[in-house]
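Copied over from TrEMBL:
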type: DOMAIN; residues: 9-141; note: domain 'EamA'
type: TRANSMEM; residues: 34-54; note: transmembrane segment
type: TRANSMEM; residues: 124-142; note: transmembrane segment
type: TRANSMEM; residues: 154-175; note: transmembrane segment
type: DOMAIN; residues: 156-291; note: domain 'EamA'
type: TRANSMEM; residues: 187-206; note: transmembrane segment
type: TRANSMEM; residues: 218-240; note: transmembrane segment
type: TRANSMEM; residues: 252-270; note: transmembrane segment
type: TRANSMEM; residues: 276-295; note: transmembrane segment
Amino acid sequence: MKKIITHTYFLAIIACLLWSTAFAGIKIGLQYTTPLQFAGIRFFFAGLFIIPLTKNLRVFVSAMRSDFWLIARVSLFQTIILYSLFYLGVSLVPGAIAAILIGSQPLFAALVSSVMQKNDQLSFKKLLAISLGIGGIALIAYDKGWGDESGLQQMMGMGILILANISSGIGNVFVSKQKGKISPTVLSAWQMSMGGLVLFLISLIFEPFSGFDMPVAYFLSLGWLSFLSATAFTIWFTLLQRSEVRVSDLNIWKFIIPIFGAMLSWIIIPNEHAELIPILGMIIIGFSLVLYGLVNRKVS
C-alpha cells in the first residue's frame with residue numbers, strides 16, 4: 001500500500017485532481033474581488049500553511065540566504081508571472097475553457113523543457129502530438145471568433161492563459177535542475193508566500209483594494225484554493241526533484257486537469273454549460289496528451 005501511495009504516478013494524479021478544482025473556486029472568488037488581489041492572498045496563505053511542514057524552522061529561514069536566487073526565480077515564474085496571467089485569463093474566459101487551456105500545459109512544458117534541457121529533447125512523434133494539441137486550442141479559439149467584443153475578450157484571455165503555460169514550464173525546469181539541493185517543502189513555502197505577497201502589493205497599484213468584508217462563499221473559495229495550492233505544489237516539487245523524473249514526462253499527467261476542471265465548472269458555475277466545439281477541442285487536446293504519453297513509454 002505504501003508503494004502505491006508514494007508512487008510518482010499516484011502522487012501526480014492526486015496533485016492534478018486538486019488543481020482541477022481550482023477553476024470553479026477562482027470563478028466564485030472573482031465575483032467578489034479583483035484577480036491579482038485574490039491570487040496574492042491565496043498564495044500568501046498557501047505558503048504560510050506549508051511552513052509547519054518544513055519541520056526545521058532554522059533550515060527554512062537559512063534557505064532564504066543559501067538559495068535566494070533559486071527561490072526568487074521559481075517564485076517569479078511559478079507564482080508571480082504564472083498566476084497574474086492565470087487569474088487575468090480566467091477572468092476573461094468561461095471556467096471550462098480555462099480548464100481546457102491550462103490542461104494543455106504539458107505540451108508547452110515539453111516545448112520549454114526541450115529548449116532549456118539537453119536531456120529532454122523532442123522527437124518527431126512528440127512534436128506531432130504537441131501540434132495536434134495546439135490544433136485543439138486553435139479549434140476552440142476559432143469557435144470563439146473575432147466578430148464581437150465578447151469574442152475578442154475571450155481570445156485575449158486564451159492568449160494570456162497560453163503565456164501562463166509557458167511561464168509554468170520555465171518554473172518546472174528551474175525546480176527540476178535543483179534535484180536534492182533544497183527541500184521541496186521549503187521551496188514551496190518560500191516561493192508561494194513570497195510570490196503571493198508580491199502579487200498582493202502589485203494589485204494595490206493596479207486594482208482598488210476590495211477589503212475583507214466578504215460573504216462566506218469568498219472565504220470558502222479562498223480557503224480551499226490556499227489548501228489545494230499548498231498540497232499540490234509540495235507534491236509536484238517533490239516529484240520534480242526525483243532523479244528518475246523528467247519535466248516533460250511528469251507534466252503529461254496534467255491531461256486530467258481539463259477533463260475534471262471543465263466538468264466541475266459546468267456543474268458548479270451558473271450560466272456555464274457544455275458546448276460542442278470546446279468539447280471537441282478538449283477531446284483533441286486529451287488525445288494529443290495520451291499520444292505523447294504513449295511515445296514516452298515506448299522510448300523508456
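Including glycine, each Cβ sits where the backbone N, Cα and C put it.
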Task: Mind tallying the domain 'EamA' (9-141) by DSSP state, helix then strand then coil?
output: 111 helix, 0 strand, 22 coil
- prompt: So how many of the residues in the domain 'EamA' (156-291) end up helix, strand or coil by DSSP?
  reply: 107 helix, 0 strand, 29 coil
Message: Please tell me whether the transmembrane segment (218-240) and the transmembrane segment (34-54) touch - that is, whether there are at least 3 C-beta pairs under 8 Å between them, with each pair 6 or more apart in sequence.
response: yes
Field: Sequence-remote partners of the transmembrane segment (34-54) [C-beta within less than 8 Å, at least six residues beyond its ends]
entry: 26, 60, 79, 83-84, 86-88, 90-91, 183, 185-186, 188-204, 206-210, 222, 225-227, 229-230, 233-234
Query: When you scan the chain for residues with a C-beta under 8 Å from the transmembrane segment (276-295), skipping those not six or more beyond its ends, what do you find?
result: 96-97, 100, 103-104, 106-107, 110, 123, 125-126, 128-133, 135-137, 139-140, 143, 252, 254-255, 258-259, 262
